[in-house]
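Remarks on the structure that follows.
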């Protein structure tokens with residue numbers, strides 16, 4: 001396994017700083033058993049009589065469902081550890097746990113569902129809108145592109161291979177539209193959009209600002225539909241997140257350009273703006289830029305952080321569905337922060353160099369990681385080959401900076 005060898009490499013064993021109590025997202029009393037009480041925020045209710053309720057030899061932590069252990073493990077430095085024993089179980093839960101509720105997620109431009117499991121875990125379901133071998137048409141604007149379920153799955157594994165670990169775990173899943181969405185939804189607006197197509201397939205389209213109409217309906221075969229299931233982050237009532245507008249955000253206009261596209265010295269302005277004027281925030285943003293360039297994702301207008309950790313923490317790489325839309329062309333403008341600032345973390349640069357070598361070729365690693373997903377093959381082969389080509393272009397960009 002190339003993947004196992006990669007994670008044994010010294011560059012993937014650089015220790016994170018010691019995690020103190022204040023560096024943890026949640027402080028949990030190890031003697032308390034947690035049960036969940038159903039409410040709008042799914043808040044945790046502790047049972048102070050845990051000791052009397054637990055089987056002999058078990059700790060309260062053993063009683064937590066995997067998704068809750070994932071939430072408790074989040075700290076200032078990482079969303080989940082490199083060698084996370086929970087990861088295979090969490091991915092399996094996302095792919096196999098019984099779905100007891102499906103409702104449409106509010107906000108966003110395209111249809112997404114929140115699915116709930118019997119253990120109160122929740123996942124964000126993005127349905128299949130495009131086949132593996134389709135490319136985004138060259139005349140499409142990035143802001144009207146489809147969100148792809150397979151891009152969400154591949155982005156999680158790529159983010160882990162790059163050792164960022166800033167995307168919540170995602171698994172593919174084949175969902176029964178009739179039994180796991182239509183028959184159990186309490187969302188009246190969603191329920192009104194189901195119909196049977198002329199071919200006899202079960203379809204629905206929900207309500208959103210893009211692609212929610214009978215012309216863009218999501219149809220099963222006859223009621224089976226592929227989708228991505230992403231583990232939800234802790235409820236915002238329990239762990240507030242702050243949304244930051246990216247300084248290299250695109251204009252989202254058909255003809256206007258953003259300032260960074262017109263001003264080659266734009267980075268010097270950014271370096272003087274908080275929070276980019278100190279700490280490693282700008283370098284973290286350049287990490288995210290490299291991830292986006294490798295995927296071909298032009299739609300990174302915002303990113304989020306956990307409020308508790310202030311400015312000294314990692315960026316969450318959420319919403320990656322517009323990645324992996326094209327393999328035949330590379331969008332170099334995505335690399336603007338790297339090219340304009342000529343800055344990169346040494347550890348990131350060394351790992352990128354490693355991933356360009358034969359024993360650890362990036363395409364081989366991602367192919368191996370995706371082979372275990374229930375929807376494998378997740379990416380068409382040309383997308384995997386494009387990764388190696390794009391990685392080469394990132395290293396060339398860094399080389400130009402070093403030469404300067």
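The backbone N, Cα and C atoms fix where each Cβ goes, and this holds for glycine too.
Just so you know, TrEMBL annotations are computer predictions that nobody has curated.
Per TrEMBL, ATP binding site is recorded for 110, 126, 147, 230, 231, 232, 233, 304, 319. Positions annotated as Mn(2+) binding site by TrEMBL: 147, 319. The feature domain 'FAM20 C-terminal' is assigned by TrEMBL to 194-403. TrEMBL lists 299 with the feature active site.
Those residues noted as binding ATP (110, 126, 147, 230, 231, 232, 233, 304, 319) have their most widely separated CA atoms at a distance of 20 Å. The two recorded residues, residue 231 (ATP binding site) and residue 299 (active site), have Cα atoms 21 Å apart. Over the domain 'FAM20 C-terminal' (194-403), the average per-residue pLDDT in this prediction is 95. Each of the binding-site residues 231, 233 was ranked by the number of other C-beta atoms within 10 Å, and first place falls to 231. The Cβ neighbour count for residue 110 (ATP binding site), using a 10 Å radius and every protein chain shown, is 19.
Of all the binding-site residues listed here (110, 147, 233), 147 has the Cα closest to the Cα of residue 299 (active site). Non-local neighbourhood of residue 147 (ATP binding site): 110, 126, 129, 321, 322, each in the same chain, at least six residues away, with C-beta under 8 Å from its C-beta. With all protein chains in the displayed structure included, the most crowded Cβ environment within 10 Å among the recorded positions 299, 319 is that of 319.
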